[in-house]
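As recorded in TrEMBL, the features of this protein are as follows:
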type: ACT_SITE; residues: H254; note: active site, proton acceptor
type: BINDING; residues: Y24, Y129, R164, H254, R257; note: glyoxylate binding site
type: BINDING; residues: 77-79, S106, Q127, T155, K230, S252, 285-289, 308-309; note: FMN binding site
type: DOMAIN; residues: 1-359; note: domain 'FMN hydroxy acid dehydrogenase'
Amino acid sequence: MEITNVTEYDAIAKQKLPKMVYDYYASGAEDQWTLQENRNAFSRILFRPRILIDVTKIDMSTTVLGFKISMPIMIAPTAMQKMAHPEGEYATARAASAAGTIMTLSSWATSSVEEVASTGPGIRFFQLYVYKDRNVVAQLVRRAERAGFKAIALTVDTPRLGRREADIKNRFTLPPFLTLKNFEGLDLGKMDESSDSGLASYVAGQIDRSLSWKDVQWLQTITSLPILVKGVITAEDTRIAIQAGAAGIIVSNHGARQLDYVPATITALEEVVKAAQGRIPVFLDGGVRRGTDVFKALALGASGIFIGRPVVFSLAAEGEAGVRKVLQMLRDEFELTMALSGCRSLKEITRNHIVTEWDSPRTAIAPRL
């Protein structure tokens with residue numbers, strides 16, 4: 001059966017993958033309210049399309065931190081991709097490069113920064129978890145720099161791992177034939193069996209709960225790479241991030257895997273965009289499954305979006321070809337949404353192209369010629 005949209009890969013991945021692996025990728029924290037809401041919130045934003053505009057030519061290209069990419073659709077960091085497919089992060093890197101977009105490699109990848117770099121050219125970012133041992137962090141950042149990675153996406157919403165009940169029930173652990181490749185040489189590449197989630201125990205043992213804004217500044221002393229702060233959902237933290245020297249913000253709730261009952265990222269986005277005041281770019285991840293979702297995020301002020309689960313699910317289903325297809329489907333849908341909304345370039349996508357529940361009712365608006 002032909003796959004016609006991104007969401008269809010979920011069911012295929014569920015069939016193909018061991019339960020422990022599928023549940024690890026698919027689940028959210030606790031009641032999974034935010035997991036549902038990340039999707040549902042998009043469906044409450046409606047379009048105000050403009051008609052009779054010549055949409056013969058549509059330009060979706062953009063620049064992110066000065067790097068030109070083919071579309072504002074990028075790949076978010078997702079851990080342990082070789083659990084989904086033997087080629088894991090290699091396949092994802094090749095698919096991103098072929099699509100002319102950015103891949104973010106997880107700290108907890110099952111392929112190292114050097115291995116991913118060896119797949120060939122491409123613009124890649126590195127997602128960083130800050131370990132208690134800062135020498136480990138400094139070493140990892142240096143390796144990412146040497147391997148040609150162009151930015152650090154610093155995850156800031158995980159001083160402790162969220163309570164993911166599926167992982168507890170399944171006693172989740174990294175399959176024995178895999179390692180967290182970036183930490184292999186540091187004796188931090190393996191996850192012990194645990195009475196609950198092996199990953200939760202690993203995080204409790206290794207990840208620094210004392211992480212604070214001063215560490216964001218410390219990071220800038222050890223690398224010249226731009227730092228994206230990933231996991232900001234409030235205006236207050238947006239302002240502090242800018243003061244702390246962040247090059248950009250990723251509005252993220254960690255795929256609804258950390259604190260349940262935070263708002264959907266698409267709901268939190270505008271607050272962050274307004275607080276940033278155009279000083280640094282704001283990106284979004286969480287819940288994007290359609291080209292219409294991409295358009296809605298850009299209309300609310302995002303400079304681009306990142307996709308996570310669609311990558312691991314399509315990887316599980318069809319390897320590199322699956323990830324390529326997800327990127328192509330989202331691209332095609334986004335292009336169509338732009339055309340049907342009367343937008344020929346990203347800069348033509350405005351707040352007036354959408355209406356949200358929190359907008360005041362539109363009474364007589366003075367006509368814009």
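Positions of Cβ are set from backbone N, Cα and C atoms, glycine also.
Overlay of TrEMBL feature records on the structure.
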residue	record	Cβ neighbours (10 Å)
Y24	glyoxylate binding site	25
A79	FMN binding site	20
Q127	FMN binding site	24
R164	glyoxylate binding site	24
K230	FMN binding site	28
H254	active site, proton acceptor	24
R257	glyoxylate binding site	24
D285	FMN binding site	28
G287	FMN binding site	28
R289	FMN binding site	22
K230 (FMN binding site) as reference: those recorded positions from Y24, R164, H254, R257 with C-alpha within 10 Å of it: H254
For the domain 'FMN hydroxy acid dehydrogenase' (1-359), the mean pLDDT of the predicted model: 95
Count of other CB atoms lying within 10 Å of the CB belonging to P77 (FMN binding site): 26
Cα-to-Cα gap, Y24 (glyoxylate binding site) vs R309 (FMN binding site), nearest whole Å: 11
Spatially closest candidate among Y129, H254, R257, the listed recorded positions, to D285 (FMN binding site) (Cα to Cα): H254
Span of Y24, Y129, R164, H254, R257 around glyoxylate - largest C-alpha separation, Å: 19
Close in space, distant in sequence - R309 (FMN binding site), Cβ under 8 Å, 6 or more apart: D10, Y25, A26, T78, G255
